[in-house]
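Engineer: Pulled these features from Swiss-Prot for this protein:
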type    : residues                                                       : note
BINDING : GLY334, PRO335, ASN336, ALA337, GLY338, GLY339, LYS340, THR341 : ATP binding site
DOMAIN  : 706-780                                                        : domain 'Smr'
Amino acid sequence: MQDEQDKYLKNIDFYEILSLVSKYVSNPDTVNLLSNQKILKTKESLEKIFSFVSLIRMLFESCKGYPNSFINSLKYPISLLLKENSRVSIENLRDIIVFLDEVLRINLFLHKNSDIKHLNVQILSDLLFLNPELKNLLNELKEHIDVDALELKSGVVKEYDSIEFEIKNLNRRVENQIKKIISLNAEYLTSNFVCYKSNKYTLALKSNFKGKIKGNIISISSSGETFYIEPNDIVNANNRLNYLSLEKERIILKILRNLSAKVHSNIVLLDNLYNNFLYYDSLKARAIYGIKTKGVFPEISNVLNIFDAHHPLLKDSKAITFTPAENRVVIITGPNAGGKTVTLKTIGLLSAMFQFGIPIVVGESSTFKIFDNIFIDIGDEQSISNSLSTFSSHMSNISYILKHTTKDSLVIFDEFCSGTDIDQGQALAISILEYLININSYVLISTHYNALKYFAYTHEGVVNASMRMDLETMQPNYNLIFSIPGESYAFNVASKALIDRSIVIRANEIYSSQKTEINEILEKLIEKEKDLLLIKESMDKKLIQIELQEKELENFYQDLLLREKNIETKLLNEQNEFLKNSRKVLENLVREIKEGNINVAKNKAFISDLEKNVDLKTNKVNSLNNKRNVVADFKIGDKVRIVNSNAKGKIVGISKKKITVNVGAFNVSVSSSEISLENFKEKKENGKNFNFSIDYNKENLLSFTIDIRGMRSVDALDFLNKKIDNIILNGINKFEIIHGKGEGHLMREVHNLLKELKFIRKYYFAHPSDGGSGKTIVEI
């Protein structure tokens, strides 16, 4: 069954896609893994692979430094080290180090980006979890092996270091000694360089001076012109070097055996991690392929609806849309070379890629169905000479499909039951189609048979679809129209191919004379379908125009709102600027009053005139503010501005009728229409906080109660001066000072201050029932 499934996938070029995905793997073993993986057939398994691939893709696209190094295959060393007393080469151990290092880098990268919202990196961390035992193994291997130089590190094994030290010193002495011999006998040598033959230092002596240098002949050149002589003076040194080299090799093998044993003790963990890495690598390759092709994962559904699909192997391919709605059988008709086969292959290939977890190039609103198998019979290889053998081959393939298809299978037939007698082929096609409808399979077919077009009109769940074609160029535009069967355009194609016009005319006459009643009915149905399609297209265009007009009106309305807002903002700024300037005038007046330079009565008259203008401006500001803050949803903690006084504060209480605003040391009760939301930074004041209550009412004067009990005289007078300034600026003409009775010291200090202020009209103690001598009433 699997071999057959592989054959069907090959027919739609699925393995070419797999080859493209394989270019992005980090390990050669991943290529084999991808080749052996099968299409997934459950929603759970698909959603799992979608989440993995999407996560890796997002990490690649949004985070810098994603680890993606090439890793050599570990299949051989792992299989060898599964056996006891096995030993691997230093190259194999180097590959294990590189692999574990890469996994460690990936883990560190995932940990670094674990706080990114909407990215569940933990599922990757769990997949590539680096066990502490493997971390220890990595550290030990790195302690012994220099990965770059591919040799053992010095300073780890004393026996190895001792041999290495002696070899280096002896090599140096031999090289110096042989260089002296060369300098004394240069005329007899074919080369002034030291030659290394059979693991020995030698000299390249000319054959006619064979006896000039005493020593052993180690080798002779192929021409016989050069003798490679080992001088007697270095024979012992050469022998010693050979011995040391053998000892070094023995020690290296011993170290490698010990390291191999340590890997063997963790081989199960290593093998599991390596297999997990290969799976991860296959996911990563899919993710990178998706980035390169801008592919997506469409929604899993019970319905196959494809929008703006592109064949991934065709350059500049045109978008294909396939929307059969609830129909499970689609009969596609149209001219040869009209795009039927490309459409069928595209749908089959994208379905296979989707179920393999490979991102596909489709519109985001597309939905794909999960099939248990994808069966394909492509009729590409048709010719006069082998039509019978081709037909027999197709029948054999269709026989297998019919035996194994289920209600969850996708069955694709190209040029369904062609290559034989038309009447018999049509009958066979209808019979097979009825069988598949009874099974309730999902079927896509292309055909030229009129009987199948008529079949679609008379059976529920079966729909015609036609490939549109440019009749001038006779080129397909891959626009699939549902409910209307297509025409073959045989006569148009013949004319385009420059067949003699008289032949084409005669063919048309013959065709017209042979029309059956069914053909005529079918043609009438097609014409009616075309008329309905034209009406639908006209209505769609009108609907689009209406939507565009609605959008234009909406944009115009939004533009008007923006203009109105800009005008309001400009006016508000002007009014606020006026209020700001008026405030400055009032501040100057207060200062002059304190200094005694202006008559209070005259000043009040001036303020009265000014207030009329202020009220006019303020009303405009209030009106605009109310307009901009309609039914403001105030809440405790909101920062607001009191529009009549320009004071800023924070809401500390809300009742049905009033809102309490804390302004500095005062609590002000106002209505919601008299405040507006404001953004400002609160100033922190040092020292003790004292509460002051203001009952704000448009119809009455503001009355302030200032409580300075418990304050030192100096602090109280300084604080009182500031608050009296604020009272004057806000146009308040009466306020109360609670100083308490006690010994009367604070009261006397307050009264002395009031005497000095020329704008104070009078002050007196409160009524005994309202505090008596503990409270002073002040009038300005």
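Backbone N, Cα and C atoms are what each Cβ position is placed from, and that goes for glycine too.
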Engineer: Identify all same-chain residues not among GLY334, PRO335, ASN336, ALA337, GLY338, GLY339, LYS340, THR341 whose C-beta atom falls within 8 angstroms of the centroid of the ATP site's C-beta atoms; report them in sequence order.
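Structural biologist: Apart from the listed residues, the neighbours are SER446, MET467, MET469, PRO476.
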Engineer: Per DSSP, how many helix, strand and coil residues does the domain 'Smr' (706-780) have?
Structural biologist: 35 helix, 16 strand, 24 coil
Engineer: Could you list the residues of the same chain, at least six apart in sequence, whose Cβ is under 8 A from the Cβ of GLY338 (ATP binding site)?
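Structural biologist: Correct list: MET467, MET469, PRO476, GLY486, TYR489.
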Engineer: Taking DSSP three-state, what's ALA337 (ATP binding site) in: helix, strand or coil?
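Structural biologist: ALA337 (ATP binding site) sits in coil per DSSP, no helix or strand.
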Engineer: Counting only other Cβ atoms and using a 10 Å cut-off, which of the binding-site residues ASN336, THR341 scores lowest?
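Structural biologist: Result for the binding-site residues ASN336, THR341: minimum number of other Cβ atoms within 10 Å at ASN336.
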Engineer: Applying a 10 Å Cβ distance cut-off over all chains shown, what neighbour count does LYS340 (ATP binding site) have?
Structural biologist: 27
Engineer: Tally every other Cβ atom lying within 10 Å of the Cβ atom of GLY334 (ATP binding site).
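Structural biologist: The answer is 25.
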Engineer: What's the number of neighbouring CB atoms sitting within 10 A of the CB on GLY339 (ATP binding site)?
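Structural biologist: If we count other Cβ atoms within 10 Å of GLY339 (ATP binding site), we arrive at 23.
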Engineer: Can you count the other CB atoms that lie within 10 A of the CB of PRO335 (ATP binding site)?
Structural biologist: 21
